[in-house]
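Heads up: the structure comes next, in structure tokens.
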Amino acid sequence: MIKLGIIMDPISSIKIKKDTSFSIMLEAQKRNYFLYYIEMKDIYYEVGEVYANSYLISVKYDEKKWYSFKKKYTINLKELDVILMRKDPPFDIEFLYITYILEHIENFGVLIINKPKSLRDYNEKISTLSFKYSPKTLISCSKKAIYSFQEKFGDIILKPINKMGGDSVFYVKKNDPNVSVIIDQLTNYGNSFCLIQEYIKEILNGDRRIIMINGSPLPYCLVRIPNDKEIRGNLAAGASFDILPLRKIDYEISNNISSFLKDKGLIFVGLDIIGNYLTEINITSPTGINEIESVYKVSISGILLDSIEKLLNIKH
């Protein structure tokens, strides 16, 4: 019987209709996995071992009571077969520390998804710059550099490097009178880096989320369409969605980075594509499977767990 630990934000506050971690837990429970619920703050390292104050949990699709804790355990994490790291950004100093702690468990043969070193090494926004599909990009905390970039490329998008869900993303047109205060806010008055990209007008047609499992793309993607007063293609920011088959360029981008993802132990990934550009490689806690499954009648959680079981067989 597979022992699966899932590190996530408090389960008491999730929306089960949308929550990818919950969907994975439901599928794992169907397969009779031992399911251990863990919050990041409850993990600790002591004298060569890594422990967690965890709960053996059961889940059900019930919007009033979707989980119950069966038993509390202080578990040595090397006893688990697989750990899913599903803590949402921001990628802060505590997140960084936990990647070092989890990396230690890999020495005991525990499969961790996604690989802690890669979570640490590959920022979701910056990692796209290694590929030819990235839009024109500036990373800076200098107001002068941002002004210069805007002079060259016109309308721009400014966003923080370590957040999610469209949080603090700004669309700045040329000669926008608010550009100075926006730059001050995002860069903390010139002390923090932010990411600036050329505005891609195809965002009006939607931001495409492509799910990659062990380097292979699902054939349908979640297209998040900004509402009339927005440029952010994030469901958390009020976007609507559609489910569409992958285009030729989507397959091209996916296949181009497939070997990179597999080599780095990035098993469960969400690519964000606007037009023909790769804008993010989501590796911390990719979402979107519930929306895709609502139209594309397949269990994405099942495909993920099938892949995990194959990886466990290879490891053991």
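Cβ from N, Cα, C; glycine included.
Annotation comment: Swiss-Prot describes 149-206 as ATP binding site. Of all the Cβ atoms in the protein chains shown, 11 others lie within 10 Å of the Cβ of Y189 (ATP binding site).
When secondary structure is read from DSSP and collapsed to three states, N282 (Mg(2+) binding site) falls in the strand class. If you look up Swiss-Prot, you'll see E280, N282 marked as Mg(2+) binding site, on the strength of sequence analysis.
The domain 'ATP-grasp' annotation in Swiss-Prot covers 123-309, and the record cites sequence analysis as its basis.
Considering only the binding-site residues F149, K173, N282, the Cβ with the fewest other Cβ atoms within 10 Å is that of K173.
Long-range Cβ neighbours of N205 (ATP binding site) (same chain, at least 6 residues apart, Cβ-Cβ under 8 Å): V223, I225, G275. Of all Cβ atoms in the shown protein chains, 9 besides its own fall within 10 Å of the Cβ of V181 (ATP binding site). If you average pLDDT over the domain 'ATP-grasp' (123-309) in this model, you get 93. Q197 (ATP binding site) has a Cβ environment of 22 other Cβ atoms inside 10 Å. In sequence order, V169, F170, Y171, V172, I196, Q197, E198, Y199, I200, I231 are the residues of the chain that are 6 or more apart from I157 (ATP binding site) and have a CB within less than 8 Å of its CB.
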